[in-house]
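*Asks:* According to Swiss-Prot, the topological domain 'Cytoplasmic' annotation covers 1-44, 100-114, 189-194, 257-266, 333-363, 407-424, 473-515, on the basis of a curator's inference. The annotation transmembrane segment is assigned in Swiss-Prot to 45-65, 79-99, 115-135, 168-188, 195-215, 236-256, 267-287, 312-332, 364-384, 386-406, 425-445, 452-472 on the grounds of sequence analysis. Here Swiss-Prot flags 66-78, 136-167, 216-235, 288-311, 446-451 as topological domain 'Extracellular', drawing on a curator's inference.
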């Protein structure tokens, strides 16, 4: 709702004189405290929007492009389908644990917020630092480049698309989606809904074609489905890693908990609806691929869905590359939507500059956080070998996800009286913690160098925490304080935004952690 539509006078907000100020001054003409128009993110995400966010972020380009990663390490159709099922089951358990955490700690920010409540600011800051520096911008840059490649590739069938053209189109995609999410939250959710429907329909088309082929008697690839299976523990671990990469994104809704309507009901319900849908679609899509393609075809393919379409869709085979591009577009939108809220919450907790916790005074969108996220992604689009950076955060990703669930167990013991609308059996978080420990250990042994680089990136946040969070503001470098104050004032003027107000209703159940 825009401010001019309200019956009460429009508040006039004064610019902050200093970057460290935590309140927003209003004129006497501003609404009273009883006014419903408070300066905070609005609850605009419905159950359907939540399902679209989770499904849309989980179903990216992975299921279209990289099923061969699982098949490569399992060496048989039967075992690969088992690994896909295990990956889905593991993701369901993790999502259920996050559903309990999200309904207990009703803050946005996902694992950052949960680690903050359980273990304090330092570890939470390191989690935020890794996401800010490598995880979010790298992931979004890769998705945007994949989108651009699939859009441009049909114009260059005999060679690779021009490097500059791909990067420029990727940058345009990131900027467009950032604008959409800056404009209105509803615009972002509508884009998400639309592109989620499109990618699901594309996968249903693949599944139907595969089932038709099965009904026509093409069952030869399943007659001895486990023949040649690799039972090596290392290979199975890498196969599971490949499957879990495609399942990543099940925690998307936990990044935006504060914007969900009735989160105690809709958060676990959206997760409960989304996870079986994605797991079933993934398994059936792989069955369709394996019905038509032999193992050699899958190994040689750069995009399994495109190879499948070339052999089955005939003159309509061009639709699948478009579907992959649309899938990337929707996945990028969900990632931008979620990661901007992570930076927003980090700023609100004092771990990032205050300007990132500002929202537009009429549109109620976190414009500075969205622009910061966009800037970081554009910087990584300039890096030529950006795809190599993804190897650095597998270790840290599973470490912090697992640590969040360890925090769930810790809070069960430390705060047994906290209201928990959803309370799981301890079996689920314990199993997830054990599996997460395994997933942390695998890259340490199989990809030691990249894992150590990832640890180094995380540890680089220690001096930043000391200088920017731990030290009292008066002892921080004067130059940095002046720069932040200037940038904050300019941001307010350009983006027409102010600091948010704390939601007392959200804060009353969970005491805010401070160091």
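First residue shown is number 1, and so on along the chain.
Cβ atoms are placed via backbone N, Cα and C, with glycine included.
Since this is a predicted model, take the numbers as computed values, not measurements.
Looking at the shown structure, what environment does each listed feature sit in?
*Replies:* Beyond the transmembrane segment (45-65), the same-chain residues lying 6 or more positions past its ends with a Cβ under 8 Å from any Cβ of the stretch are 143, 146, 185, 189, 192-193, 195-197, 199-200, 203, 245-250, 252-253, 256, 259-261, 266-267, 269-271, 273-275, 277-278, 281-282, 285, 302-306, 320, 323-324, 327-328, 330-331, 333-335, 337-338.
Outside the topological domain 'Extracellular' (66-78) by six or more residues, the chain places 84, 221-222, 225-230, 235-236, 238-239, 242-243, 245-246, 285-286, 289-290, 295, 298-299, 301, 304 with a CB less than 8 A from a CB of the stretch.
Among residues of the same chain six or more beyond the topological domain 'Cytoplasmic' (100-114), those with a C-beta under 8 A of the stretch's C-beta atoms are 41, 124, 127-128, 131, 251, 253-259, 263-264, 267-268, 338, 341-342, 344-346, 400-401, 403-405, 407-408, 411, 418-424, 506, 509-510.
Using a Cβ-Cβ cut-off under 8 Å and counting only residues 6 or more beyond its ends in the same chain, the transmembrane segment (115-135) has close neighbours at 105, 107, 109, 339, 342-343, 346, 349-352, 376, 389, 392-393, 396-397, 400, 403-404, 406-408, 410-411, 414, 454, 457-462, 464-465, 469, 510, 513-515.
Tertiary proximity for the topological domain 'Extracellular' (136-167) is limited to same-chain residues at least six positions away from its ends with a CB under 8 Å from its CB atoms, namely 60-61, 65, 173-174, 318, 321-322, 324-325, 328-329, 331-332, 335-336, 339, 342, 373, 376-377, 379-384, 386-387, 389-390, 393.
Long-range contacts of the transmembrane segment (168-188) within the same chain, counting only residues at least 6 positions beyond its ends with a Cβ under 8 Å from a Cβ of the stretch, are 41-42, 44-45, 140-141, 144-145, 147-148, 151-152, 259, 329, 332-333, 336-337, 340, 360, 363-365, 367, 370-371, 373-374, 377-378, 381.
Sequence-distant contacts of the topological domain 'Cytoplasmic' (189-194), counting only residues of its own chain at least 6 positions beyond either end whose CB sits under 8 Å from a CB of the stretch, comprise 44-46, 48-49, 52-53, 56, 177, 180, 330, 333-334, 337.
Through the fold, the topological domain 'Extracellular' (216-235) approaches residues 73-79, 81, 290-292, 294, 446 of its own chain, all at least 6 residues removed from its boundaries and within a Cβ separation under 8 Å.
Residues 40-47, 50, 102-103, 106-109, 113, 185, 341, 421-422, 503, 506 of the same chain lie 6 or more positions beyond the ends of the topological domain 'Cytoplasmic' (257-266) yet place their CB under 8 Å from a CB of it.
Long-range neighbours of the topological domain 'Extracellular' (288-311) within the same chain, counting only residues 6 or more positions beyond its ends whose Cβ lies under 8 Å from a Cβ of the stretch, are 63-68, 71-72, 75, 77, 80-81, 206-207, 209-211, 213-214, 218-219, 221-222, 317, 319-321, 323-324.
If one looks beyond the transmembrane segment (312-332) by at least 6 residues along the same chain, the residues whose Cβ comes under 8 Å of a Cβ in the stretch are 56-57, 59-61, 64-65, 140, 143-144, 146-147, 150-151, 153-154, 173-174, 177, 191-192, 194-196, 198-199, 202, 205-206, 209, 213, 249, 292, 303, 305-306.
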*Asks:* Can you tell me which recorded stretch out of 236-256, 364-384, 386-406, 452-472 has the most Cβ pairs within less than 8 Å of the transmembrane segment (267-287)?
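*Replies:* The stretch with the most close Cβ contacts to the transmembrane segment (267-287) is 236-256.
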*Asks:* Which stretch from 195-215, 364-384, 386-406, 425-445 shares the most C-beta pairs under 8 Å with the transmembrane segment (79-99)?
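*Replies:* By the under-8 Å Cβ criterion, the transmembrane segment (79-99) pairs most with 425-445.
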*Asks:* Do we see three or more Cβ pairs under 8 Å linking the transmembrane segment (386-406) and the transmembrane segment (452-472), pairs being at least 6 apart in sequence?
*Replies:* yes
*Asks:* Quick one: do the transmembrane segment (236-256) and the transmembrane segment (452-472) have at least 3 Cβ pairs under 8 Å, skipping pairs fewer than 6 apart in sequence?
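*Replies:* These two stretches do not touch.
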